[in-house]
Ligand SMILES: *Cc1c(COP(=O)(O)O)cnc(C)c1O
């Protein structure tokens, strides 16, 4: 929330056309999503232009929510605004995003307290969160919610900084050249932190140096820049290009401003600080992994630079706990679904969590369990705003935990219950008869809400498949961007969405704006409908036994032969139904499809039964991912095009035409026709091999170490005694086997897993429910997390090792493996 601003004041300094119908009104906050407006009167609605949508389209909705200030794109012909948005002030500009950024710059210029700006390849969000937590023991801190670090996220975060804060912390991320200059103007950090420079190859930069230079633009004008001297490229660049007195370096070893060396022990780690004046201090932390320890040392140096004393910093570090920062959707007891967000609790975070909740399918009640808010500012105003949010998002049932929230209980409506602390709630939890409800659990760390989650979540054995919904969004948008703007996207969610869980993923795709879904068999479509999915669903392999499901569940069958067409007609006539159908054309896949020489017959059937509306025509490419098949692919495309023309001629209208699968979108974007069929790519695997680094990892399959054994040279391991210790060493038994989808072909060293970041090869044969891996030389402990597929363990390589393809590994992940969905 910012100081009151009036559109005219802003328009004076920014080019555009102002239509004023009520010059008196002002705003104190901005919204870019009309569904999220809950205090319309104080809001400026900004209609951003996206890939597919222009936010302008939603101005009616925003008006309905009470908004009377609009910043929209100028379009021709102009609208009659007094009719469309009566009583509102409208500022029409060429580029609304640029105007939003300008507004953020304006707000930044009002701020007199220091801002910390964080950039780098990894750790930005963690450093921001930890720094915020430790500093908040001493200062009133404002910071960006979650990882809001983009061209849109940064200005929105900057606009949430208020006059009562004493320090602001914002993170900045870029994906291409030219972006950081804009972010720099919005953040203008007094203190900059460069976290580190990853080695990941980045499409939009010629080389790592160019990326480094771009990132460092965040610090132009900064008074101090914190970096790690052991990061050689970063140190070299900054030391050559910035004045010495601005640089604050730290390192493992002497030679920089702060030496921060680490010693691991069983309880955690000690970080020994030696300051420039040789003063020493030892910090203690429970973290042992190198990423956390690097992040923590950046935080320590930042706190010291901002004037905190070492023992005060230590107090803060002691309260950091390694719990999940992510918003996670997981199955709960009694068929409930749980949204777990037990990391922090402020208004911005609450809003994000409620919005996420709003996007979920739901059968029972919407329940919110909320602790006292941890946020600086006018307490009453904060709870009042929280109450408004709760009302806006239609919570059916509210449970508040803590003395403060109870004191402001009046703001949370009638169906609100309050407990003084978490243990009190836990004792009474069974009274709420939770069943099939959607429960958002959101609390500040000190309330230990993970205890509530533990009690309510479904119990499971140690193996989980984590699905990163943000990565699905990223991948979806990546493919979307490669297509002309009108091209529709059908997403393949067959085979349980390639193993990920079709209902949750379909639901997410629905919110991303996918146009169509496709499944292989009717029962997959029925399941999606039962789970509340509303998008049109195409069923590829229909048969006569499932026709009765089509109408009830609004499924659209594929007609792939004259036989199935006749059978469908027969059924439709008897039941007087008029379904939309899709025609699959045979062009060379030789799986399903209507042959070219059957077109005559097809024409006469269509002529006789015009009530069957043809929604689309498609064919499937047999070798879209490989250049060796290019000629064949061209022939398929040509033949498809010819067949389409003929069919359209006798049909008399033009259905959607579609050919491309994921690899096809990359390799033949010029043949996108009206729609594409996106599959494996949205799940993070780029099978043409060209663009893997542009996609984000969606799936992480994780399990745990159940037992560790110290073995002698010559000891055999597992069934058939196939594993053999060639030296004295150690094995770990992990809780995953071929029944969970860990392929038996991974036996005897063909597969490996990651434990503590190191590769542990499979030793002996994979068993049904367990596997033994060689951990000689790895400092592993029982209970450690094991990464089976995920970051740093590319699934296409594993697949290649055993002569299969990523599709098979993903779709084989067993049903008993619990799926967790999160936003990071
Ligand atoms: C599975 C499938 C796709 C998607 O293929 P990907 O390689 O996963 O992108 C597209 N079209 C049809 C007909 C399919 O069966």
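Note that Cβ sites are derived from N, Cα and C of the backbone, with glycine treated the same way.
Note that TrEMBL annotation is computational and uncurated.
Taking the Cβ of residue 494 (active site, proton acceptor) as centre and 10 Å as the limit, one finds 19 other Cβ atoms among all the protein chains shown. Secondary structure at residue 494 (active site, proton acceptor), taken from DSSP and collapsed to helix, strand or coil, is helix. Taken from TrEMBL, the feature active site, proton acceptor applies to 494 (among others).
Residues or ranges marked as N6-(pyridoxal phosphate)lysine by TrEMBL: 494.
There are 12 other CB atoms within 10 A of the CB of residue 591 (substrate binding site), with all protein chains counted. Annotation source TrEMBL lists substrate binding site at 591, 768.
Annotated domain 'Alanine racemase C-terminal' per TrEMBL: 698-822, in sequence order. Each residue in the domain 'Alanine racemase C-terminal' (698-822) gets a DSSP state, and the totals come to 22 helix, 48 strand, 55 coil.
The number of other CB atoms found within 10 A of the CB of residue 719 (active site, proton acceptor), across every protein chain shown, is 12. The feature active site, proton acceptor is assigned by TrEMBL to 719 (among others).
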Distant-in-sequence Cβ neighbours of residue 768 (substrate binding site), under 8 Å, six or more positions away: 737, 738, 739
Taken over the domain 'Alanine racemase C-terminal' (698-822), the model's mean pLDDT: 94
Euclidean distance between Cα atoms of residue 591 (substrate binding site) and residue 494 (active site, proton acceptor), Å: 16
Rounded distance in angstrom between the Cα atoms of residue 591 (substrate binding site) and residue 719 (active site, proton acceptor): 40
